[in-house]
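S.K.: Can you keep this structure in mind? I'll have questions shortly.
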Amino acid sequence: MGSESPVNFSGGSPRARVHHVTQTSNDLDSDIGGVEFATYTVHIPSTPDNQPMGMSMEWSTSQRVEDQYASSSLFTGGYNCITRAHLKEKVIESVTSHPQMTGAKGSNCSVPGCDAKVVTDERGVDIVPCECDYKICLDCYRDAIRTGDQICPGCKEPYKELDVSEYAGNNGQHLQVPFTSKMERRLSLMKSTAVMGRQSSEFDHTKWLFETKGSYGYGNAIWPKVAVDGSQEGIGGDPKIFHDKQWRPLTRKLNISAAILSPYRILILVRMVVLGLFLQWRIRNPNEDAVWLWAMSVVCEIWFAFSWLLDQLPKLCPINRITNPDVLKEKFESPNPSNPTGKSDLPGIDIFVSTADPEKEPPLVTANTVLSILAADYPVEKLSCYVSDDGGALLTFEAMAEAASFANLWVPFCRKHAIEPRNPESYFNLKRDPYKNKVRPDFVKDRRRLKREYDEFKVRINGLPDSIRRRSDAYNARDEMKAMKLGREIGNDEAVEKIKIPKATWMADGTHWPGTWTVSVPEHSRGDHASIMQVMLKPPSDEPLRGTSMDSSSLDLSEVDIRLPMLVYVSREKRPGYDHNKKAGAMNALVRASAVMSNGPFILNLDCDHYVYNSQALREGMCFMMDRGGDRICYVQFPQRFEGIDPSDRYANHNTVFFDVNMRALDGLQGPVGFSARRRTRKSSSSVASAPEVASQDCQSIEVGEFGDDEEMNLALVPKKFGNSSFLVDSIRVAEFQGRPIADHPSMKHGRPPGALTLPRELLDASTVAEAISVISCWYEDKTEWGQRIGWIYGSVTEDVVTGYRMHNRGWRSVYCVTKRDAFRGTAPINLTDRLHQVLRWATGSVEIFFSRNNALLASSRMKILQRIFYLNVGMYPFTSFFLIVYCFLPALSLFSGQFIVQSLNITFLAYLLGITITLILLAVLEIKWSGIALEEWWRNEQFWLIGGTSAHLAAVLQGLLKVIAGIEISFTLTSKSGGDDADDEFVDLYIFKWTSLMIPPITIMMTNLIAIAVATCRTIYSVIPQWSRLLGGVFFSFWVLAHLYPFAKGLMGRRGKTPTIVFVWSGLMAITISLLWVAISPPSGTNQIGGSFQFP
């Protein structure tokens, strides 16, 4: 439908008049296969004076109304549902003040009978067209212009034919409209530079930048003769400075010292040889007295050697990397010939925060994560945050609204005083002096104010469940009374008694919550509700918005940018009969929604309990993507760092051996394995199912309309791949272009021109949000390749690992970004039971990978051999549990039987054993040396490897086999996150004992070995001919097992060292069963009868 909008022409007379035109283009109705557009907009300056052209594009009043309406409405829709926009006066009961905050802004229209809102500017100030300040909405203003002889309803004076610069009234707000639609603006930029993308590496981009004959319109690169602020301190217009400036990389690779790496590789080779010789000797020298014992031990040792090779070979090429954010800032955010104003030329980032259950994932934790994202040090207009609530809970919705309101104070405070970390809960609980290195005199006052506000914020968040319950009870009681009153008026007493009003959950404005109700009913349960989307913070203005000394009551923000990044609440549609594909399905829904709304070329995934600990982390990750060769990088993986872990790290929660050893080693191959949390992903790498070089060419071919027979370039297959949203398909090409590094080096074959991303961000409109509602509907993925070849891959509970494998299998690379200050921090389950269930989920995902088409044995030739070995180990490591459990019982069986795995402890066996042990220790020492981990961390990892291998890994293999053979689906309970409210004991969860069947195997192993040691010791002492060598071998073997299980045993003791009764019951039963079974199989007195004949020698 057309709409009239005032347009400002940049050329012509000095004083441009307001004109009214009709726009008929509709982004949502564009044909899927259409890539050419009928109209182009060319901005021509009045005279070719070689002056830089103004690049700012302000927005019309009609667009501001659309933006205000879209950001103030709750959008719902889905399967067999009409997409609706519910205008919200408020979404929380507390008062909000920030102009970007959701809710209808502006004063009410003064025209009688009209309840619309007056348009506001970025500061929330009403925009009025008449000097009498009569408040009028846009529709009423249009009516006055069209039918009311252009007379103001307030002062009855004719409206002046205003300049656009005068239209805003006293605030001087410029109101202009770009000539093209939203997607046309995005695509026109790529079309104007399509030729450049096909240039050879010898193309001189800097010469092209200063070609004056082509320096009109967008894309000019004229170096200003004066500084941006108008002073005479400019560079002088001589581009030679730019030519002579040395190109500097954004990242550097630091190789491990040869003095450490060479011995490390040699030791790996030596240990391989020793293991081979040892296994050969073991096979050739069986124990004739106990062949069964020898056979079991040899089979287990062969598997252990094979498993060690799979784990060790990918560690041959470890490297370190460092970034240079200062060079990134200089290249992308400093004045240069292509960007005279110094506006940010960095690509956008869409950050995803996922949560599913507010009972297990406290809203306060999620809110703190969101606040740390909103305060991150990255251009505000390039940052968007999407909160995925897979439970559709009103509690999460209102908590995010409260977080958006508190961000009005917290984010400017962080920017003003350079706060680290920018998670308020972590910041206010720091153990160090908060005033160290703070020089501003008002810091103490500001911090005291923020601490008080945050305490009140926590009270509001923690009080939300009760507030929602009381509100819902009141509204439900009102509806029930109305229904009963209506029944009595009708006179049907029986009907009154049978009235049952559904116990709905109500929002703050007195309307039904469209998501999950506290008392579930059809269409309002966790697995059955509509799509929900609410823009909590609308997109910020393109220019910095400084606060005033009077802002926020007592904070002086006159030198601080008070803009906030866009924040969107998303809950995808769920319906019975549709597979929701767990977290992978939620991530794909977010990818599509963000592509429609903000379309950042890069996405960052964070769990709700992982927050931004280093505000520079986004810039450091971007250094890899924007550096030379960055177009071949699919994602940047950050290490996991945790807080709230007990000092001894009893259950190896830090997992430093994996994150600081294995991941650094993989970085020297094709890149680290992917984990969805703390991963910066290139959006086009998960949307284009091809290799990086082919992907760049394919996207380029699509955008210029050059189609061949290749399936990747056949637009007839686009709906089959991506779905029927033409807006989504167009956004993929735009994101691919915007995610390219700048073509400032001869080796950049597919770079983008400098300054291409300095254009203003588009305002939101209702049609855009409605399209986003459509793409997160439950039916959208039907008959598409989402989850199969596009986006997060389905079919495994470890969807992040599978998706990373698919990217590597297509030829993409990934890098590992270890920052000096931890980039992100989160929480980990320190309770033994929770930790075992977490390991169970990971191991089950690995078993699923092994029995799927994602098995590394089926990898393509694009994957390097050592990378393939690592992924093979990812799928096979849970199967080690069978051999590990058998091997842990072997010492007990040896002690019970009086035999050992070898005929005798001769010098050959002891020499091999010593060689294997020494090489293992030396390898550990060298790994500790080049990775920087501690010896205690390495030992904790060894201990929990055995604990997990004898418990969770075994259950994972059994569950995986059940799924493959019987088709039984696997479900997991969500790991509970600590809310951090227990001030008495930070590690209270560590001492809580919760029984799980996963504990049975390790408990049985411990008790059996202890009983075997006691039995063998007594038998040897009272034996006529003591076999001390066999006893020592068996006891040493048993103590090796028990030493690894010590943290598990300590976890069973609880806080006061009291073991639960059920532990004794199960361990006793299992130990007695195994002992009786052994006595029945091999009676010590030579008889087949158990009773009465058993005696110690």
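Glycine is no exception: its Cβ is also placed from the backbone N, Cα and C atoms.
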S.K.: Looking at 1-27, 730-756, which one is region 'Disordered' according to TrEMBL?
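M.R.: Result: 1-27 is the stretch TrEMBL calls region 'Disordered'.
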S.K.: Record lists Ser354, Lys360, Glu361, Asp390, Lys582 as binding UDP-alpha-D-glucose; longest Cα-Cα distance in Å?
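M.R.: Taking every pair among Ser354, Lys360, Glu361, Asp390, Lys582, the longest Cα gap is 16 Å.
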S.K.: Among the binding-site residues listed here, Lys360, Lys582, Lys583, whose Cβ has the fewest other Cβ atoms inside 10 Å?
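M.R.: Among the binding-site residues Lys360, Lys582, Lys583, the lowest count of other Cβ atoms within 10 Å belongs to Lys360.
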S.K.: Determine which residues of the chain contact the transmembrane segment (254-279) at the Cβ level, with the cut-off under 8 Å and only residues 6 or more beyond its ends counted.
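M.R.: Residues packing against the transmembrane segment (254-279) from afar: 298, 301-302, 305, 308-309, 312-313, 315-316, 318-322, 912, 915-916, 919-920, 922-923, 926-927, 929-930.
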S.K.: Any chance you could find the range in 291-310, 870-893, 1031-1049 with the most Cβ pairs under 8 Å to the transmembrane segment (1003-1025)?
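M.R.: Per the Cβ under 8 Å count, 1031-1049.
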S.K.: Which residues of the same chain, at least 6 past either end of the transmembrane segment (1031-1049), have a Cβ under 8 Å from a Cβ in it?
M.R.: 650-651, 832, 888, 890-892, 894-895, 900, 905, 940, 942-947, 950, 999, 1002, 1005-1006, 1009-1010, 1012-1013, 1016-1017, 1020
S.K.: Rounded to the nearest angstrom, how far is the Cα of Asp607 (Mn(2+) binding site) from the Cα of Glu361 (UDP-alpha-D-glucose binding site)?
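M.R.: So the Cα of Asp607 (Mn(2+) binding site) lies 10 Å away from that of Glu361 (UDP-alpha-D-glucose binding site).
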S.K.: For Asp607 (Mn(2+) binding site), what is the tally of other C-beta atoms lying within 10 angstroms of its C-beta?
M.R.: 25
S.K.: Whole-number Å distance between the CA of Asp800 (active site) and the CA of Lys360 (UDP-alpha-D-glucose binding site)?
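M.R.: Their Cα atoms are separated by 22 Å.
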S.K.: Around the C-beta of Asp800 (active site), how many further C-beta atoms are within 10 angstroms, looking at every protein chain?
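M.R.: I count 25 other Cβ atoms within 10 Å of it.
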S.K.: Measuring Cα to Cα, tell me the gap between Lys583 (Mn(2+) binding site) and Lys360 (UDP-alpha-D-glucose binding site) in whole angstrom.
M.R.: 16
